Amino acid sequence: MSATVETVHVALPGREYDIRIGEGLLARAGAEIGPLLRRPRVAILTDETVAALHLAAFRAGLGDIEAPAQALPAGEATKCWAQFGCAVEWLIEQKVERRDIVVALGGGVIGDLAGFAAAVLRRGVRFVQVPTTLLAQVDSSVGGKTGINSPQGKNLIGAFHQPSLVLADTGVLGTLAPRDFLAGYGEVVKYGLLGDAAFFEWLEAQGPALAAGDVAARIAAVKRSCEAKARIVERDETEQGDRALLNLGHTFGHALEAATGYSDRLLHGEGVAIGCALAFELSARMGLCAQEDPSRVRAHLDAMGMKKDLADIPGDLPDADGLIALMAQDKKVQDGRLRFILARGIGEAFVTAEADPALVRSILAEALAAR
Ligand SMILES: NC(=O)c1ccc[n+]([C@@H]2O[C@H](COP(=O)([O-])OP(=O)(O)OC[C@H]3O[C@@H](n4cnc5c(N)ncnc54)[C@H](O)[C@@H]3O)[C@@H](O)[C@H]2O)c1
């Protein structure tokens, strides 16, 4: 095990916590989580895929801490009322008390569902995130947004509930399918694009090594991403303003995810990456950023072997008006106006409701015509 363990502190008064990042942290789980416990017991929610790969190692790392576990089916469909109900009832059966801790061992699906379960169980128990996907390590495990989907849309039911600790073991990323890893990388790129041009430049140089398994590069990227998210969440925990910056690429991305039925035709992080490229295209057409910026974004996604255009999405898509209608259902609609995250350059994103709808339409129409 590499000795390097990085810590990012999230300084929310009364709800502060550490994000611990390092290779082999599962083996230290008892030492990391133990100090938070009032009795040597946690209840683990995980999914079946992660349970098969990493539950035994996590339990071994917990040592003498008793750790019953419930494995839910893997996949986005698990973020529903039925699975949520099963999870909460299982936690009650396990006699989880008010002062106990629930552990979410898995990707964003398990983190969101388990966090929401912890938020409502006995009117709120503490929980620890042990994120096992890159997306969960750099994004969903940090910041306290928890919840499930409704048939009407994604993440419409939920609560803000901050974890008490995030334990990001970069070693577990080794078992991720390459496509899932790269989808998470879409969120990493987003942090560079939205507020940190030097990080984007670093990713242009280090991204391929990071994808190939370079441990130091992975730890550095997770740390920088978590720092970026932590600083934004500290400024605006409940998304009254700045936190919306984290949605760079998501207005387009969510519409594409909806258009592809939230299926494996397009993973969330892939939608975000294409959405970032479109947001830069829109920014350039509006004269906000240099004409070269959208090409640079696409060139990096291309170099990483990622989807970068609507042309990279298999199967049929709605026409431009159909996509705009899907965008209008986005949670970011406020007073009937669609808000976009645009950029004055790489690393200089801002929130606006001032995008010209005709321009949005023509960018989408051109991108669709290129398919
Ligand atoms: N709360 C937030 O702030 C926030 C932010 C971004 C995304 N999200 C949510 O996160 C979810 C997506 O998260 P995700 O991409 O992690 O999806 P996921 O949890 O479904 O994980 C993707 C797949 O990888 C598998 N997996 C997980 N860890 C693995 C490992 N180490 N090795 C092998 N396979 C592994 C899972 O079983 C699953 O099949 C979405 O529901 C999205 O809404 C939440």
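Placement of Cβ uses the backbone N, Cα and C atoms for every residue, glycine included.
Binding of NAD(+) is annotated in TrEMBL for Gly108, Val109, Ile110, Gly111, Asp112, Thr132, Thr133, Lys154; the matching candidate from Lys95, Lys145 at the same site is Lys145. Annotation: His268 carries the greatest number of neighbouring Cβ atoms among the binding-site residues Lys154, His268 [cut-off 10 Å, Cβ to Cβ]. For the domain '3-dehydroquinate synthase C-terminal' (184-333), DSSP puts the residue distribution at 106 helix, 0 strand, 44 coil. Within the model, the domain '3-dehydroquinate synthase C-terminal' (184-333) shows a mean pLDDT value of 95, rounded to a whole number. Within 10 Å of the Cβ of Gly108 (NAD(+) binding site) there are 24 other Cβ atoms, across all protein chains.
The Cβ of Ile110 (NAD(+) binding site) has 31 other Cβ atoms within 10 Å, all protein chains considered. Asp112 (NAD(+) binding site) sits 18 Å from His250 (Zn(2+) binding site), taking the C-alpha atoms as the reference points.
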